[in-house]
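Swiss-Prot has this to say about the protein:
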type    : residues : note
TRANSIT : 1-35     : transit peptide
MOD_RES : LYS175   : N6-succinyllysine
MOD_RES : LYS189   : N6-acetyllysine
MOD_RES : LYS370   : N6-acetyllysine
Amino acid sequence: MAAAAQSRVVRVLSMSRSAITAIATSVCHGPPCRQLHHALIPHGKGGRSSVSGIVATVFGATGFLGRYVVNHLGRMGSQVIIPYRCDKYDIMHLRPMGDLGQLLFLEWDARDKDSIRRVVQHSNVVINLIGRDWETKNFDFEDVFVKIPQAIAQLSKEAGVEKFIHVSHLNANIKSSSRYLRNKAVGEKVVRDAFPEAIIIKPSDIFGREDRFLNSFASMHRFGPIPLGSLGWKTVKQPVYVVDVSKGIVNAVKDPDANGKSFAFVGPSRYLLFHLVKYIFAVAHRLFLPFPLPLFAYRWVARVFEISPFEPWITRDKVERMHITDMKLPHLPGLEDLGIQATPLELKAIEVLRRHRTYRWLSAEIEDVKPAKTVNI
C-alpha cells in the first residue's frame, strides 16, 4: 500500500514537471527558449543563499568593473557564469562572491563562436564588460570593442537570451580623435543591430580602488612635475564611482522597462582637469607642480612607453582620451532612473588615494583637504 502511494506521488510530480515545462515552452515566441530550470525560479529571503532567478554570463568578469558586478549578482543569489582566459589563480578572488556552486568558471576563446555559444546557452542574462586600455599584437581596439561584442550579441540572440547588457563609454563618438572611442561607438551600433533590445551603458571615467583613473594621475608624482595639455583648463571631467556603475548594471537587469535603452552613468559633479588633478594630489599629500605640455610632445612621450616591453603607463590614445571633455547627454536616462544616487568623488577618493601617501600622512583625515572646485560647463 505504501509502495502504491509512493508511485502515485512520483507520477503526480512527474506530471507537474511536464506541465510546467509545457507551459513555459508554449509562452515562448521568437527564438527558441530553453526549458524551465530550477535556477530560474526565484525563491528565498534574499542574499547569497537565495535564488534570484538570474543566470548571468559576465564577460570581462576578471577586470576592474567585473568583480563588482559579479559581487552584486552573487550577493542577491544569482548564478553567474564567468568565462575566463587567464590563469586559474587570477580568478580565485571571485570564488567567495557567490554561494556554493553558484559561480561557474569556463575557459573560452574570444575568436571561437562555439566557445562563446557554450558559455551563453544556459543564461537568461548576458553582460559584456570586455575592455582594454591599450592595443596588443593579439587584440586591437576593433577586436575588443567591435568584433567580439558583435559575436557575443549575435550568439546570445540566437540562444534566446532575455537581456543583453553592453558597456560602452560616455564619450563614444565615431568622429572622435581617439581610436578607442571611435571603436566604442561602432561597437554600440553593431550590438544594437545584432540585439535590438540590448541595454547599452555609457559610463564616464570610472574611479575605484583598482582604477586606472585616479591611480594613474596620482602615480605621476614619481616623475616630478605633472604634464597636462593646456594645464587642464580646457578639459572637463565627470567621473563616476565604480559601485554606482555596478549597481546600475544590476538594476538594469531587474528593470523590465530598460530593454532597448541607452543609459549615461556619470558622477554628480563636473571638474576642470586642472582642479581634479590638484585635488587628487591634495588627498595623496603630494606636491602638485603642473606644467603645460603640448599634445604633440605628450604623444611622443607616450610612444616611448608604448614600445617598452612593460605595461604602458601612458599611450598616445590615452593622451587623447585624457584631454577630451566629458559629454553632456541629458536626453539619456541615468543612474537616478535606476534608483541610484550618484556618489560624490570627495567621499570615496581617500579609499583610492591613501596608498599613494607617505607614511607621515597615512592616517591624516580627509577633512583637511578642500573639495575640488566644480564647474557647470
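Just so you know, the numbers here start at 1 and follow the chain as drawn.
For all residues, glycine too, the Cβ spot is worked out from N, Cα and C.
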Modified residues compared (LYS175, LYS189, LYS370) - the one with the fewest other Cβ atoms within 10 Å: LYS175
Cα distance (Å, whole number) from LYS189 (N6-acetyllysine) to LYS175 (N6-succinyllysine): 14
